[in-house]
Structures are given as structure tokens and as C-alpha cells.
Amino acid sequence: MNFDSSPIAAIATAPGRGGIGVVRVSGKNISSIIEAVCATKGAELQPRHATFTNFVNADGSVIDQGLAIYFKAPHSYTGEDVLELQGHGGPIVLQMLLTRCLEAGTDIGLRMAQPGEFTHRAFLNDKLDLAQAEGVIDLIEASTEAAAKSASQSLSGAFSKTIQDLVDKITNLRMLVEATLDFPEEEIDFLEKSDARGQLNGIREALQAVFTQASQGALLRDGLNIVLAGQPNVGKSSLLNALAGSDVAIVTAIAGTTRDKVIETIQIEGIPVNVIDTAGIRDASDATDEVERIGIERTWAAVKTADVIIHMLDANRGPTRADEQIVERFPENIPVMRIWNKIDLSGHRPAIDRMPDSTHIYVSATDLQGMDLLRGELLRLIGWQQTGESLYLARERHLVALKSAHDHLEMAAQHAAHDSEATDPALDLFAEELRLAQERLSSITGEFTSDDLLGVIFSRFCIGK
């Protein structure tokens, strides 16, 4: 995203009708817009005070009435002068007010904001770092209470502070290494007297703890896609209804009732889970019509995109050759849980049986026996841990950076393991790996970040944020 410092304006509230709508303006020399749009009868707006006023056209006709709030730089969201006009939340009146602001700001070059540009300016003006900026959009998009709490942690700077603490520790260790390299004549045994290995091990342990928390937080953000697959009439739709707690899928005794995907989003321990019910799988030649055949094709397409496959089986009937053929087509890289349904008919009790290659759980979707076992095993399978600690709503780029930093620290540990003189090349390599680890961690908060990445991140925001 190329930075254009011209003043910007946008509607800051969500599209649609509401009780209140906000038009936001940010940039230099916006006092002319205040004078032109706000009928304050000569009184100046006091910074950070709400002033009730009419919003007017150039001819003095009233567009709307509401509150005008002026934030003087640097005490604003963007770090620039900001004007917020809070009026009624109708889309037409808000568009009229925005158009009036753009007309009044022609002389100062006022233009429409790009997606995420207000937050981008906040980042450039050091009002927040990159991880906090991502926390803004994660908080807006949070689909569960747990995800919202974790996003709030990132927005408040908790994640950034943790990363900065790691960076500071690596920096201190680098300073000792560089000093030893610069003054070899002192003949200091750096690795022993500065306890470099001990410091490095402490950093590695701290980084691993952060990675664990971030990985858990990523589950809260990205959620999980679970596909229910199996032969017709084994209870896939009944299981979807049991997990959802309502009748979201049609259930009948007729095999092949489900003809297309049915998707329902639920929560398990605060993790958003997309449960995808699919058409029953059987040989295409046995399909009753073209619609069922297409439904079976879509089932296999859904299976390929799953994070976890739940293979539904009939506990009352037992395993069949058709079940084995279905298993043979499952992708090898996707974990599979085998759920034996209808234990209310078979005489089985709710149970879980973990085998080397798969997990078998016995349930009844109609009377909900074994459902807690199923939910718990799903969490275990995806690596969810109840740590009791605050989680960071990490993104994929955060996890990649943390993993890369970990790898560089591992290489540094290997170089530090050599019993060598201070001037040995291994110490140079030790210092370089520390530098690279520090750089990877700093990319999380935006200290070392390419313009291309910034453009991608902020383009995902809404226009007025």
C-alpha cells in the first residue's frame, strides 16, 4: 500500500440501517471541514468533547443533526487530527453527509479512504504496532466469546509485549556475543562466563511457550472444518442435529434423504466448528438419480477440504465392505474419527477406543449418548489444551515467524555446543542465527515488514476502519 498523506474520509459504521451512524475524517487542515459542515454558530469544537450540532449543506440546508467530536493530533486513533460526525444511521443520510464532507474538503485534497487506511495511519504514526492492528480486525470478526477475548488481548498489546520481551532477551545476548567478537584480545571465554548457553536455553523455552499459546489462539480464530461422511442412513444428519442442539438437517428413515451439503457452525469450548453434513456415499451406479450422484461427488470434494473427517458407521449393523471402500478413499493426511452410531439399538455403551491408526467412539445421536466423549476427542485430536492462560489470537504469519525464530535458535544452540575459542567461526554463526531469530520475531509487530505485506494486511479491513 503506497502511503498518500492526503486527508481521508469514510463512513465508519457498518452498512445498513441503525440507530447511529458515523462519518470519520482524518488528516491535516481539517478545520475547514468543521467550519463548513458543522453549524456551531461560531463556537469552536473543543478537542475530545461532544458537541451537538446540525450538519449542513453549502446553502445552509440541514442534512442531519447529531454529535461532532474533534480529536487533535496526536491524541486520536490515527495520530492525526480526526473529526467524527455521529448522526442517524440511515445509509442515505450517511452518504449525503460523507459527500458533503468530500465537497467541503476539496481545497485540502480530502478523498475517500481505502480499506483499513485509518488503522494503517495509526500503525505508521506509532499508535499501535502490526500485531495490534491485526487485533482490531480479529476483534471485529470474532465469532465466539473466547475469540473476542483473545483478540482483545492482542489489541491491548499483550501479544506484542510478549514478543518484545523475547526480542529484548535475544538483543542482550547478541550484545555479549558482538562484544566478544569485537574484543578477542581480552581472551574471555564468552560461552562460559556469560552463561550464553543458559541464556539461550531460557529464550528457547520461553519461545516454545509463546508458540503453544499462539497455536491455541489460532484455533479460536480459524476454527475447524469437520466433515460427516459415510454410507446412507447411518445417522450423519442426526449427529449434526445433536451437535448443533437443534433440527438443522432433515432426518428420515429413507436412505439418501440428504442430497447436498448442510453446514452448521457450532462452538466447542469456544472454538468455532463448521460441521458439514454430506450426502450418503455409495457406488455411483447405485444412485437413485442424477441429483444423488452429484451429491456424492460433492461429498468427496468436501472430504478433501476437511480438517477432521468423522466417518459415521452403523453400530447395529457392524462394519461392511462398503465401509472399508469408503475408508480406502479418505486422504491419508487428514485425521479420521470413526463414530459408531445407533448404540441405543445395538446394546453398546458409550465408549472410546483409541487405536494406533484411528479412534473409535460409540454414540447414539438420537438420545445423545456419548456426545461429550465425541466433543472431548475432537479437541484432543486438534491439539487443544486447557492451559488456563490468556491466549493470543495468532494468524498464520505469526506462527510461521515463531517457527522460523525457533529454528534459528536451534541452529544457534548447535553452534554454541562447540567448545571453541571466542574467535572461532562458530561464534560468528552463533551471532548470525541470533540476528535472524530476532528479525523473524520483530516481523510480527511490524518492526521488520515489507510494504507488500502491509498492503495485504490492511486491505482486509473495512473502508472506515
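Counting starts with 1 at the first residue shown.
Note that Cβ sites are derived from N, Cα and C of the backbone, with glycine treated the same way.
Taking the Cβ of Glu84 ((6S)-5-formyl-5,6,7,8-tetrahydrofolate binding site) as reference, residues of its chain lying under 8 Å away and at least six apart in sequence are, in sequence order, Ala12, Val22, Val23, Arg24, Val25, Ala68, Ile69, Phe71. Annotation comment: Swiss-Prot describes Arg24, Glu84, Lys127, Lys465 as (6S)-5-formyl-5,6,7,8-tetrahydrofolate binding site, evidence class sequence analysis.
As annotated by Swiss-Prot, GTP binding site applies to 233-238, 252-258, 277-280. The number of other Cβ atoms within 10 Å of the Cβ belonging to Ser237 (Mg(2+) binding site), over all protein chains shown, comes to 24.
Summarising the annotation, Swiss-Prot assigns K(+) binding site to Asn233, Thr252, Ile254, Thr257. Residue environment of Asn233 (GTP binding site) contains 20 other Cβ atoms, counted within 10 Å of its Cβ in all protein chains.
As annotated by Swiss-Prot, Mg(2+) binding site applies to Ser237, Thr258, with the evidence given as sequence analysis.
The annotation domain 'TrmE-type G' is assigned in Swiss-Prot to 223-383.
Between the binding-site residues Arg24, Lys127, Lys236, Lys236 has the most other Cβ atoms inside 10 Å of its own Cβ, all protein chains included. The separation of Lys127 ((6S)-5-formyl-5,6,7,8-tetrahydrofolate binding site) from Asn233 (GTP binding site), Cα to Cα, is 57 Å. In this structure, the C-alpha atom of Lys236 (GTP binding site) lies 50 angstrom from that of Lys127 ((6S)-5-formyl-5,6,7,8-tetrahydrofolate binding site).
Geometry remark: Ser237 (Mg(2+) binding site) versus Lys127 ((6S)-5-formyl-5,6,7,8-tetrahydrofolate binding site), CA distance 49 Å. Cα-Cα distance from Ala279 (GTP binding site) to Lys127 ((6S)-5-formyl-5,6,7,8-tetrahydrofolate binding site): 51 Å (rounded to the nearest whole number). For Ala279 (GTP binding site), the Cβ neighbour count at a 10 Å cut-off comes to 27, with all displayed protein chains included.
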